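A short worksheet on the structure shown next.
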Amino acid sequence: MNILIKSAKIIDSQSPFHLKTQDVLIEKGIVTTIASTIKNTNNIKEVKLENLHISSGWFDSSVSFGEPGFEERETIENGLKVAAKSGFTAVAMNPNTYPVLDNKSAVEFLINKANGNIVNLYPIANLTQQAKGLDLAELYDMYNSGAIAFGDYNKSINNANLMKLALLYAQNFDGLVISFPQNNSLSNNGLANEGETSTKLGLKGNPAIAEELQIARDLFLLEYTGGKLHIPTITTEKSVKLIADAKKKGLNVTCSVSAHHLFLTDIELEEFDTNYKVSPPLRTKKDINALKKGIINGTIDMITSDHNPIDIENKKIEFKNALDGTIGLESFFGAVNKLLPLEKTIECITNAPRKRFNLKNETITIGKTANLTLFNPELEYEFNKENIVSTSKNSAFLGKKLKGKVYGIFANNKLTIN
Amino acid sequence: MKALSTDHLLGIKYLKKEDINLIFETADHFKEVINRPIKKVPSLRDITIANLFFENSTRTKLSFELAEKRLSADIINFSAGQSSVKKGETLIDTVNNILSMKVDIVVMRHPNVGAGVFLSKHVNARIINAGDGAHEHPTQALLDSYSIREKLGSVKGKKIVIIGDILHSRVALSNIFALQLQGAKVKICGPTTLIPKFITSLGVEVETNLKKALEWCDVANVLRVQHERMDIKYFPSIREYTQLFGIDKALLDSLGKKIVIMHPGPINRGVEITSDVADSDQSIILNQVENGVAIRMAVIYLLAQQIKK
C-alpha cells in the first residue's frame with residue numbers, strides 16, 4: 001500500500017534521518033522518499049498526527065498468548081491485534097501453552113496461525129520435552145521450523161547438567177538458550193519478594209538470592225560451555241551486577257527486564273491484589289534503580305512487556321491460588337517511556353532484541369521495507385480498563401498514570417492506526 | 001456513641017490505637033456480663049453470623065461461637081471438611097451463597113494469606129478475620145494485649161518477648177502490631193531458621209538467647225511450633241528445640257523476677273513449655289481463654305453497631 005507520513009520525528013539510531021522531522025513516503029510497502037516536505041501529487045493516503053514520532057517497528061522478546069490450550073485467556077488473532085495496537089510489529093511468543101511447544105508441528109502451528117498478520121510472530125520453543133526439565137526437546141528440528149530461541153518460559157531448569165548440555169548442544173546451530181532466573185529450592189513457592197512487605201503481610205518470601213544464585217550458576221556454566229545465553233526478566237540489583245561482570249569477562253550473555261519490574265514495587269501487594277502477583281515477584285525501589293542504571297549503561301539489553309494474559313477465574317481468587325502474570329503490551333510504552341530516555345527505550349525494543357534473536361534488522365531508510373511504529377511520546381493519560389483490548393484484563397498498570405501513546409504500526413505492507 | 005474506624009476486622013494493622021481502646025472498654029463490660037449468673041445479653045437478636053472455618057480450629061471457633069451466643073446472635077457454622085469447597089467452588093461463591101441467606105457478619109478462618117481482605121472487597125458483609133495463613137489473627141492479639149493490660153495494668157512501656165516459630169505465625173505478626181500500637185517494646189526469640197529475615201523492618205529486636213530474652217522481658221508469649229506449615233525441617237528435632245527454646249520451671253525461677261507467661265494454645269507440654277510452667281501462678285494462659293470470649297463479644301458487638309447505623 002502507499003501512504004505518506006507527514007512531519008514525523010524519526011527515532012532510529014541506525015538511520016541517517018535520526019532525530020530529524022521528515023515526511024516519509026511509502027510505496028508498495030517500501031520507503032521511497034524521506035524529505036522535509038513531500039508533495040502529495042498522487043492523492044495517496046496521508047498520515048498526519050499530533051507530535052508524531054516514528055521508529056523502526058518494535059519487537060517484544062517475551063509475550064504469552066493462550067493459544068493453543070488457553071484460548072479463554074487470549075487467542076493468537078486477538079493477541080496480535082493487541083500487539084499491533086501497542087506498537088509492536090513483531091513478538092516472540094513464549095511456550096506458555098498447552099500442549100507445550102516442544103516439537104516441530106507445534107512450532108509450525110503457531111507460525112501458520114500468525115501467517116499473513118500485520119504483526120510477525122516468532123515462537124520461542126520449549127527447551128525440554130514436555131517442559132519437564134528432564135531431557136532436551138528436538139531443538140534443531142524446531143529451529144529449522146522457525147523457533148528463534150529455547151526456554152521453558154518461567155519454569156527454571158533445576159538440573160545444572162541439563163543446562164550445561166543445552167548450552168553445548170545449541171551451539172551446533174548457533175541456537176539461543178533462555179534460562180529463567182530462579183532457583184526453585186530457594187524460591188520455595190514464595191508468593192512475594194522476601195522483604196519488608198512480605199514480612200508485614202505474612203506472605204511467604206521469594207528471596208532475591210533465589211534469582212541471583214540461578215544467574216550465577218548459569219553464568220558459570222556459560223563460561224565453561226561457551227554458547228549463547230539469554231536471561232529473561234531479571235529483577236534484582238545483584239543480578240544486574242552479575243551480568244555486568246559476565247559481560248566484562250566477554251561471555252555471550254544478554255538479559256531483559258520487564259516493564260512491570262521497572263515500574264512497580266512489592267508495596268503494591270499491600271491489598272493482596274492478584275494483578276500484582278507476577279513471576280519473578282515485584283521487588284524494591286533499590287532494585288528498580290539498579291535496573292534502570294543497568295539499562296542506561298547497557299548491561300540490560302532489552303525491555304519486555306512479559307505480557308501474560310490470565311483469565312479472571314485464575315485471578316479473582318485468593319492471592320495464594322492466583323496464577324502469576326500481568327498483561328503488559330498495551331501499557332508498555334506509556335510505562336517505560338515515563339521512566340527512561342526515549343532513545344534508550346526505543347533501542348531496547350528494536351535493534352538490541354532483534355539482533356539478539358537473530359531477526360531481520362529494520363531501519364528507516366530510503367529503499368528499505370517499511371516496518372514502523374508511530375507514536376506520541378508526550379501524551380499523558382491514566383491507564384484503565386477501557387484501554388484494554390486484550391481478552392484478559394489482568395493488568396498491574398490499572399489506574400497508573402502513563403506517558404506516551406502509540407498511534408499504530410506499518411508492517412508487512414499494512415497500516416493500522418488506533 | 002464511639003465507633004470503630006473500620007468496617008471489618010481484617011488485621012491489627014488496619015486498626016488505630018483508639019479502636020483498640022474502644023474494644024478493650026467494651027470488653028470490660030462484657031467480661032462483667034459473662035461473670036453474671038445470666039451470662040447473656042439480648043444486644044444482637046437481629047444479627048446473623050456465619051462462622052466459616054476453612055481450616056481446623058477448636059478454641060477459636062468455640063470462643064467465637066460462645067461470644068455470639070452470649071450476644072444472642074443467630075449463628076450458622078461451616079467447616080471446610082463438609083463443604084462444597086472441595087468440589088471446586090470458589091471462595092466468593094461459597095460465601096455469597098451463605099450471605100444470600102441474609103447473613104450480616106462473617107467470621108472466617110482460612111489457610112490462605114489475605115483471604116479476609118480479599119473477601120471484604122468482593123462480598124457484602126462485615127468480615128472478622130479469625131486467622132488467615134501466616135498473615136494475621138487479630139482477635140488473638142487483642143485478647144493477648146487485653147490479658148496483659150488486666151495483669152499488669154497497662155500495655156504501654158511493657159517489655160514483651162514472643163518466643164517460638166515466628167516465621168509461620170499469624171499470632172506473632174498480629175501481636176507485634178498490637179503491642180507496638182499500644183507502646184510496648186517487643187522482642188522476638190526463636191530458632192534463627194524460624195525468624196523472618198526482614199523481621200526487624202517491623203521495628204522489633206531479635207534475641208536468639210532464650211535466657212537473655214526472658215531476663216529482659218515482663219511478659220513471655222510462647223508460641224507453638226507449627227509443624228503443619230513446614231515443608232522442610234527447620235530444626236533437627238523437637239528434643240533439640242526444647243533444649244534451646246523450651247521454658248522449664250528451673251529457668252523461670254533462675255530469672256530473679258516474676259515474668260508473666262502466655263500461650264495462645266494449643267500447648268505442646270514439654271516442648272515449648274513444661275507443665276509446671278504452664279500451670280504455675282505466673283501463667284495467665286487460662287485467663288487468655290476467658291478474655292477471648294469477652295474480646296470477641298466486643299468486636300462483634302462493635303461491628304454490629306455499624307450495621308445498625
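Cβ atoms here come from the backbone N, Cα and C positions, even for glycine.
Remember, TrEMBL labels are computer predictions, not curated facts.
Here TrEMBL flags B:8-150 as domain 'Aspartate/ornithine carbamoyltransferase carbamoyl-P binding'. Here the domain 'Aspartate/ornithine carbamoyltransferase carbamoyl-P binding' (B:8-150) has, by DSSP, the following mix of helix, strand and coil residues: 70 helix, 26 strand, 47 coil.
Per TrEMBL, carbamoyl phosphate binding site is recorded for B:ARG59, B:THR60, B:ARG109, B:HIS137, B:GLN140, B:GLY265, B:PRO266. Neighbour density for B:HIS137 (carbamoyl phosphate binding site): within 10 A of its CB lie 28 other CB atoms from the protein chains shown.
When Cβ atoms from all protein chains are considered, those within 10 Å of B:ARG170 (L-aspartate binding site) total 24, not counting its own. DSSP gives B:ARG170 (L-aspartate binding site) a helix state. TrEMBL lists B:LYS87, B:ARG170, B:ARG224 with the feature L-aspartate binding site.
Per TrEMBL, domain 'Aspartate/ornithine carbamoyltransferase Asp/Orn-binding' is recorded for B:156-302.
In this set, none of the binding-site residues among B:ARG59, B:THR60, B:HIS137, B:GLN140, B:ARG224 has a C-beta falling under 8 Å from a C-beta of chain A. The carbamoyl phosphate site is set by B:ARG59, B:THR60, B:ARG109, B:HIS137, B:GLN140, B:GLY265, B:PRO266; from the centre of their CB atoms, other residues of the chain with a CB within 8 Å are B:SER57, B:THR58, B:SER63, B:ALA130, B:GLY131, B:VAL171, B:PRO264.
The most densely surrounded of the binding-site residues B:GLY265, B:PRO266 is B:GLY265 (count of other Cβ atoms within 10 A of its Cβ). Recorded residues B:THR60 (carbamoyl phosphate binding site) and B:ARG224 (L-aspartate binding site) have their alpha carbons 15 Å apart, per Cα-Cα distance. A separation of roughly 15 Å, to the nearest angstrom, links the Cα atoms of B:HIS137 (carbamoyl phosphate binding site) and B:ARG224 (L-aspartate binding site).
Sequence-distant neighbours of B:ARG109 (carbamoyl phosphate binding site) (same chain, six or more apart, CB under 8 Å from its CB) are B:LEU52, B:PHE53, B:PHE54, B:GLU55, B:SER57, B:THR60, B:LYS61, B:ALA130, B:GLY131, B:ASP132, listed in sequence order.
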